[in-house]
Amino acid sequence: MTITRWFFSTNHKDIGTLYLVFGAWAGMVGTALSLLIRAELSQPGALLGDDQIYNVIVTAHAFVMIFFMVMPILIGGFGNWLVPLMIGAPDMAFPRMNNMSFWLLPPSFLLLLASSGVEAGAGTGWTVYPPLAGNLAHAGASVDLTIFSLHLAGVSSILGAINFITTTINMKPPTISQYQTPLFVWAVLVTAVLLLLSLPVLAAGITMLLTDRNLNTTFFDPAGGGDPILYQHLFWFFGHPEVYILILPGFGIISHVVAYYAGKKEPFGYMGMVWAMMAIGLLGFIVWAHHMFTVGMDVDTRAYFTSATMIIAIPTGVKVFSWLATLHGGAIKWETPMLWALGFIFLFTVGGLTGIVLANSSLDIVLHDTYYVVAHFHYVLSMGAVFAIMAGFVHWFPLFTGYTLNSVWTKIHFGVMFIGVNLTFFPQHFLGLAGMPRRYSDYPDAYALWNTVSSIGSLISLVAVIMFLFILWEAFTAKREVLSVELTATNVEWLHGCPPPYHTFEEPAFVQIQSN
C-alpha cells in the first residue's frame, strides 16, 4: 500500500506532501552549497581550489535553490495542497499528470548533480551564457547534462502550469466568479500563466545551445553568423518572468497569513491585489533586457527598459501598502507566521528599493556583476521567497499534519534566521558599492572585513536550518493534536479539520451567493 500510495499517487494532498519533502531536502543541498561558497569567501586566499570548482558550486547552488527548492515548495507543495481545498475541487484537473510533474523532478535533480560529477563540472553560472558554455570553454558532458536537467524541470513546470490553470478556471463551483477565489489561488494562476509563456523560450534557447555544442550549428557563434547576445535575450525573456514566478505564490501566502493574524476576514483591497498581480505578471515580460544593460544596447533601448522596470514598482507598492492596510486596526496575534510575514514585508521592500537603484541603466553599468546585485536578489529571494515559505509552512503545518509546532521554538528560530540572513546579505551591498565583482573565488584584502561578516551570518543561518529540523522532529514526536481553528468561514481550506480527510469535496460544494 505504502509504495503504491507514494509512487503512483494521484491525490493532490499526497503529491503536495511529496513536493514539500523533496523541496526541503533540495533546500538542504542548496544550503550546503551556499555554505561552501561562504567558506571560500570567508577570508582572502584559496580554500576549495580554482575558480572553476567555485563556479560549479555557485551554479549548482542557484539551480538547486530555484528549480528544486523554491518552485517545488511554493507551486508544487502549497499549490497542490491548497488550491483544490480553496476552490472546493475534489482534486486537481489532471491527477495523473500531476504525479508525472513531480516524478520528473528527481531525475532532473540527478542529472544536475551528475553534471557536477563529470569532467570539470558546469562552471557557467545559472545563466549558462555562451561562449563560456560552448564546447571549447566547457568541453565534455557537464553543460549537456545541465541542459537536459533544465529540460526535465521545464517539462515538469509546464505540465504543472497547465494543470493549475485548468483547475483554477474549470473546477471551481459554477456559481463562483474568478473574483471570489482566494488570493493564493490567483497567485498560483498568474504564476502558472507566466511559466507556460516563458519556459518554452528557455527550452528553445538551451536546445540551440545544445546543438551549437554538439551538432556544429552556430546560433550563438559569430563565426557562422550567429550572435551570443541572442542567447541572452532568449534566456532573460524566461529569466525575468522566472523571478516573478518565484515570488508571486509568496505574495499569495503573505496575503492569507497577514489577514489571518490581523484578525481580518479578508485582506485589504482584494481587487487591487488581483490586478496588481496580473500587472506584475504582464510587466514581467517586457523588462528582460535590464539584465543586459552592459551588452551595448542603444541609449533609447536602455531608457525604455529603465522606465518599464520602474513601473513594476507601482503594482508591487500596491501590494505592500495593502498588506499594511490589512494590518491597520487589526487585533494582531503575534504568532510565528505573522513574524515571518512582517519580516517578509520589511525585507522584501528593502530588496525592492535596491532593485529600483539597479533599474537605472547608468547606475547598473557600474553595479552590474558586483555583489550589490547579489545582495539585491538575495534580499527578495532569501528573505522574500524563503520568508513566505516559512510563514506559509508554520501557518499551514497543522492543516497538513494535524500536529502543532512548538511556538516558543519557532519564534526563536525566526529570530536566529532573521539575524543570520541580514548579517549575510546586508554587508554585500557595501562590497558591491566598493566594486567587488561576482563569481570570483578570491578577492583583494580590502574586501576582507565585510566578507568575513557575511560568512559568519551564513553560519548563523545554518544554525537556523538545523533548528528547523529539530522543530519538525519535536512536532512529530510530541504529537500535539489540533483542537479547533478560528475563522474557518473565511478560510475554506480549514473547513474539513486538521488534517483534512484523504478525499475532500467528493460531492460538489454547495455555494450560496450573498445578494446585497
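Just so it is clear, glycine is given a Cβ too, placed from its N, Cα and C backbone atoms.
With respect to the membrane, Phe94 and Ser441 are recorded by Swiss-Prot on different sides. The record from Swiss-Prot ties Glu40, Gly45 to Na(+), and of the options Ser441, Ser454, Ser455 it ties Ser441 to that site too.
Between the candidates His233, His240, His376, Swiss-Prot assigns the Cu cation site shared with His290, His291 to His240.
For His368 (Mg(2+) binding site), the nearest neighbour among the binding-site residues Gly45, His290, His378, Ser441, judged by Cα separation, is His290. Tertiary neighbourhood of the topological domain 'Mitochondrial intermembrane' (358-370): same-chain residues 290, 293-294, 302-303, 305-306, 309-310, 376, 431-433, 435-439, selected by CB-CB distance under 8 Å and a gap of 6+ residues from either end. Cα spacing between Glu40 (Na(+) binding site) and His61 (Fe(II)-heme a binding site): 14 Å, rounded to the nearest whole number.
Among the binding-site residues listed here, namely Gly45, His290, Ser441, Ser441 has its C-alpha nearest to that of His61 (Fe(II)-heme a binding site). Same-chain residues with CB within 8 A of the center of the Glu40, Gly45, Ser441 CB atoms, the Na(+) site residues themselves not counted, are Leu41, Pro44, Ala46, Leu47, Leu48, Tyr54, Asp442. Across the fold, the C-alpha of His291 (Cu cation binding site) and the C-alpha of Asp369 (Mg(2+) binding site) stand 10 Å from each other. The helix, strand and coil residue counts that DSSP assigns across the topological domain 'Mitochondrial matrix' (1-11) are 6 helix, 0 strand, 5 coil.
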